[in-house]
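Participant: This is the structure I want to talk about, given as structure tokens.
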Amino acid sequence: MQIGENFRKMTRGSDNHMQSKSEAKDKPFPIKSPISSFGHQKPELSEHKAVDSSFDLCPTKASGAVTLKTSLLVQNRERKNEIKRSMEQPIEIVLQSGMVLLKSYISTSDQIKIVKLCRDLGLGPGGFYKPGYRDGAKLNLMMMCLGKNWDPETSKYGDHRPHDGAKPPFIPVDFFRLVENAIKDSHSLIRKDSKASNSEYILPRMTPDICLVNFYSSTGRLGLHQDRDESEQSLRKQLPVVSFSIGDAAEFLYGDQRDVELAKKITLESGDVLIFGGESRHIFHGVASIQPNTAPKTLLEETKLQPGRLNLTFRKY
């Protein structure tokens, strides 16, 4: 079953049951050159009429709204805990052949920059929108794509978004750096773990030309599916998918079959990087649930990120 079919079945409307769903993908706006150093420029709003009104990842408070602030004592304690965690040795785990989990890999400062950049891109042409099907059904998440557009209706990639003709923006330069470093560190881990001399055979090297950005609300879910809409060459080489998690934690499922009962479970927290390629490239995977109020406080204070999970997945078409 292709991703588009899974999406149609698993993410329509208010369907909250954990059945077979598929990985969503997303879309940004055209810029003349890649953005570097995480610089976040504010693009002009799209002239295209999107399926939905623009989605602000980090909305400003409405005038007159009353917000109860966390006490200074609690804020300081939370900051100390976050600093302590950031100084600890990152946990690196080989989950199975070709599948690596790098816990707390993305620094808080880089997470903040990623959120701000995604927010700005998301408000521009080709930014966040709620995808829908011809029969009127809508996916229960917000999507944006970088590099190439992915169409859930056809399960195909293209250079423009069908409903408004918007062209996806380039993948920001610093995203490439993070992906490259994550794969390099995964190779080092694989060499230590398996004593393999050629770690690139187990987990192929990959330079992405697609970044799919999904935002799940606190009730968001995604059923078990395979990512197999990339080119035949990319799939044959088993080039990896690299996933960044930011915001609230998620219960992630994966396995060799589309069976929730048999799937293994791990928790993906803000700053975690998950990579699956090689023999694990075609695993079934999904999100069972989002864990509310688990995002780092510093991240929320600095970005005003909405409650939920921001997920960036990089791949090679």
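Counting begins at 1 with the first residue displayed.
Keep in mind that glycine also has a Cβ here, set from the backbone N, Cα and C atoms.
Note that the structure is predicted; figures quoted are calculated from it, not measured.
Taken from TrEMBL, the feature Fe cation binding site applies to His225, Asp227, His285. Per TrEMBL, the feature compositional bias 'Basic and acidic residues' maps to 1-29. For 207-317, the entry in TrEMBL reads domain 'Fe2OG dioxygenase'. Annotation source TrEMBL lists region 'Disordered' at 1-42.
Set these features in their place in the structure for me.
Facilitator: For the recorded site, His225 (Fe cation binding site), the DSSP three-state label reads strand. When Cβ atoms from all protein chains are considered, those within 10 Å of His225 (Fe cation binding site) total 25, not counting its own.
Confidence annotation: the domain 'Fe2OG dioxygenase' (207-317) carries a mean pLDDT of 97 in the model.
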Participant: May I have the DSSP-based helix, strand and coil counts for the residues of the domain 'Fe2OG dioxygenase' (207-317)?
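Facilitator: Summed over the domain 'Fe2OG dioxygenase' (207-317), the classes give 15 helix, 49 strand, 47 coil.
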Participant: Just checking, which of Asp227, His285 (binding-site residues) has the fewest C-beta atoms within 10 Å of its C-beta?
Facilitator: Asp227
